[in-house]
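What TrEMBL annotates here:
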TRANSMEM  20-38  transmembrane segment
TRANSMEM  50-71  transmembrane segment
TRANSMEM  148-166  transmembrane segment
TRANSMEM  186-205  transmembrane segment
TRANSMEM  217-237  transmembrane segment
TRANSMEM  257-277  transmembrane segment
TRANSMEM  284-301  transmembrane segment
TRANSMEM  307-326  transmembrane segment
Amino acid sequence: MERLPLANEDKTMSTNLKYLSLGILVFQTTSLVLTMRYSRTLKEEGPRYLSSTAVVVAELLKIMACILLVYKDSKCSLRALNRVLHDEILNKPMETLKLAIPSGIYTLQNNLLYVALSNLDAATYQVTYQLKILTTALFSVSMLSKKLGVYQWLSLVILMTGVAFVQWPSDSQLDSKELSAGSQFVGLMAVLTACFSSGFAGVYFEKILKETKQSVWIRNIQLGFFGSIFGLMGVYIYDGELVSKNGFFQGYNQLTWIVVVLQALGGLVIAAVIKYADNILKGFATSLSIILSTLISYFWLQDFVPTSVFFLGAILVITATFLYGYDPKPAGNPTKA
């Protein structure tokens, strides 16, 4: 008789965790895009912070956060934590090396997002970046032999149509300077490349997770380790001269640190959503994030004037996001127990 209240308690806790993780995802996605865009367009005296160093710092913060989570799972024992890290990372070098490929791609992607938001308004970026649903689906079909249903294929067609509408130039854009058009093109290319890298790295990472029994946190530590190495290589190659002149943390302020922390949280929040939420609710979170980004970009950042074509495209993208996660349940299956 006592089991019912316990079952109800577990169900309530699971529901609470589901909506909490989604709420955090909406907050993290929206605030990262807006603060990143604001930090890249804010005019201040002195040198601007280097996006390459911000990527490295975010990776290091992600490693620290994951180590703390593994420490918690190890019943807050330093000895147990040391044993887990030694057994799962150092004693399995080939397993660890597998993460070098997605890690390098994620590092490239994170740098591209800074380029994209330096050249595109937050609303256009948010909607266009949803093309990662298309690239993830295509890589899932080719790499994981997944089968997509009719609703999913339909959603991908709607998604491409929606993004095409969002990118459709308005009259004001056609009359703008060539420099602006060039910046728009650079931003668009950065987003599209990020979509392809996100799709491939995400599916590759999923394939690795399915093939081994290591925890998501251990895998994220491995990703962060390689990400830091690749990131530091990027700093040295592209910004080495600036770092030697003005320092690694040049241009850093409170806003920069907020951007870095939000970027570090990204992977952990997505891991929580995968664990606790379903695709429909994840689609809802994405849609809400797009709407919030559009409103704040228009009213607060004032770098975006929506057109009727943009609204049509955004509605199509939001519809596609929901439709892709839709999983119609069979009406009845007498063969199933």
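Quick reminder: no glycine exception, Cβ is built from N, Cα and C everywhere.
Sequence-distant contacts of the transmembrane segment (284-301) (same chain, six or more residues past either end, CB-CB distance under 8 Å): 22-23, 25-26, 29-30, 33-34, 37-38, 41, 121-123, 125-127, 130, 273, 277, 314, 317-318, 321-322.
At the 8 Å Cβ threshold, with sequence separation of at least 6, the transmembrane segment (307-326) comes into contact with the transmembrane segment (148-166) through 3 or more pairs.
Remote same-chain residues near the transmembrane segment (50-71) are listed as 40, 77-78, 81, 84-85, 107, 110-111, 114-115, 215, 217-218, 220-221, 223-225, 227-228, 231-232, 234-235, 238-239, 242-243, 248-251, 256, 259-261, 263-265, 267-268 (criterion: CB distance under 8 Å, separation of at least six residues from the stretch ends). Long-range Cβ contacts of the transmembrane segment (148-166) within its own chain (Cβ-Cβ under 8 Å, at least 6 residues beyond either end) map to 124, 127-128, 130-131, 133-134, 137, 140-141, 309-310, 312-317, 319-324, 326, 328.
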